[in-house]
Amino acid sequence: MKRDYYEVLGVSKSADEQEIKKAYRKLARQYHPDVNPGDKDAEEKFKEATEAYDVLSDTEKRARYDQMGHSAFDPNQQGFGGFGGDFGGFGDIFDMFFGGGGGGGQRRQGPTRGNDLRYDLTITFEEAAFGTEKEIQVPRQETCTECHGSGSAPGTHPTTCSQCHGTGQVKATQRTPFGAIQTARTCPACNGSGQFISSPCKECSGKGTTRKVKTIKVTVPPGSEDGLNLRFSGNGEAGLRGGPSGDLYVVLNVKAHKFFEREGNDVYCEIPITFVQAALGSELDVPTLDGKVKMKIPEGTQTATVFRLRGHGIPYRRGNGRGDQHVRVVVATPTKLTDRQKELLREFGEVTSDQQQMGKKSFFEKVKENIRDAIDL
């Protein structure tokens, strides 16, 4: 039995879009197959989380799920179902009253669009930022090259189904408190095609499609983010009876970076500096997505001060320009001190007291003088 989608992601039913996305990203990184090779349990949890996110991240699907639960996406449910649920029961009744040969008897299943496919592609933080090209191997159903999708052996042709007489449906009479009602269902003999293949194609066993692995080049645009869904029209599975192919959806999974974090098009990082650098000022080599750049630290910098490097963030996916990089400096407290350094630190405390009482040189002026003495040790 399927678990509640909100329970799967660990969010409340009132969770907003960002909370749902954040919860999914956490689970996806934890259970992704690339992180847990050979772990079937992790793979199932990853699939479960992805299925839940697919529904809850879509406003329309989420509304249907909130109203009907999992049955909203069960193709076997009648009525207003989702994901393949049809209106067969209503169509039968409409045909009975408005023509259509009584119970939809004249309808035939025509060309059918191929299934859409999903492919999860893992890329690095840098590849997401600047874009990349990848070749992926996609297993899919393709039109049989031997019979060209007809399902019949070369030189033969399908014949009319003898069970449904080419209609693609068989009738059934149901007795109800309101009297007998005639309905129709898909013909089980021909699967709704209205045709019978007496000499199936040996290559595809009469299905009209064969399983192939297709190499597809995927272009990831600059500025892509985790969870981005890229659509490649016509690269899904082949359609049936001349129907169009489905689409391929490539969902990006961006690996976490060991140094950078991303919010929108801005990147964030944290750099430790020494007490000396904070007091006297310094120039640092700061890692960016473009390599190291110089950044000045002014005298008297406090811990947790954030500096901005303009234009060193993520490129905008639509339009020109880039976000910024935010650098948070953290003053590291020394843990191993020499006797001389301890002596100087005690003098710092005395300087502070003297400053308050005498109003002479500022604290940082005294600190800088004493630090310079310590450097000369």
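Every residue, even glycine, has its Cβ placed from backbone N, Cα and C.
Listed features, source Swiss-Prot:
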| type | residues | note |
| --- | --- | --- |
| BINDING | CYS144, CYS147, CYS201, CYS204 | Zn(2+) 1 binding site |
| BINDING | CYS161, CYS164, CYS187, CYS190 | Zn(2+) 2 binding site |
| DOMAIN | 4-69 | domain 'J' |
| REPEAT | 144-151 | repeat 'CXXCXGXG motif' |
| REPEAT | 161-168 | repeat 'CXXCXGXG motif' |
| REPEAT | 187-194 | repeat 'CXXCXGXG motif' |
| REPEAT | 201-208 | repeat 'CXXCXGXG motif' |
| ZN_FING | 131-213 | zinc finger |
- Task: Return the residues near CYS144 (Zn(2+) 1 binding site), defined as same-chain residues 6+ apart in sequence whose C-beta is under 8 angstroms from its C-beta, sorted by sequence, else 'none'.
- Result: GLY151, CYS201, GLU203, CYS204, LYS207, GLY208, THR209, THR210
- Task: Give the sequence-ordered set of same-chain residues, not counting CYS144, CYS147, CYS201, CYS204, with Cβ within 8 Å of the centre of the Cβ atoms defining the Zn(2+) 1 site.
- Result: THR145, GLU146, HIS148, GLY149, SER150, GLY151, SER152, ALA153, PRO200, LYS202, GLU203, SER205, GLY206, LYS207, GLY208, THR209, THR210
- Query: In whole Å, how far is CYS147 (Zn(2+) 1 binding site) from CYS164 (Zn(2+) 2 binding site) when you measure between their Cα atoms?
  - Reply: 24
- Item | Tertiary contacts of the repeat 'CXXCXGXG motif' (144-151), as residues 6+ beyond its ends and Cβ separation under 8 Å | 157-158, 197, 200-204, 206-210, 238, 240-242
- Per DSSP, what is the residue count of the repeat 'CXXCXGXG motif' (144-151) in each of helix, strand and coil? 0 helix, 0 strand, 8 coil
- Task: Over the span of the repeat 'CXXCXGXG motif' (201-208), count residues by DSSP class, listing helix, strand and coil in order.
- Result: 0 helix, 0 strand, 8 coil
- Task: Translate the DSSP assignment of CYS164 (Zn(2+) 2 binding site) into the three-state scheme.
- Result: coil
- Item | CYS147 (Zn(2+) 1 binding site) and CYS187 (Zn(2+) 2 binding site), distance between Cα atoms, whole Å | 23
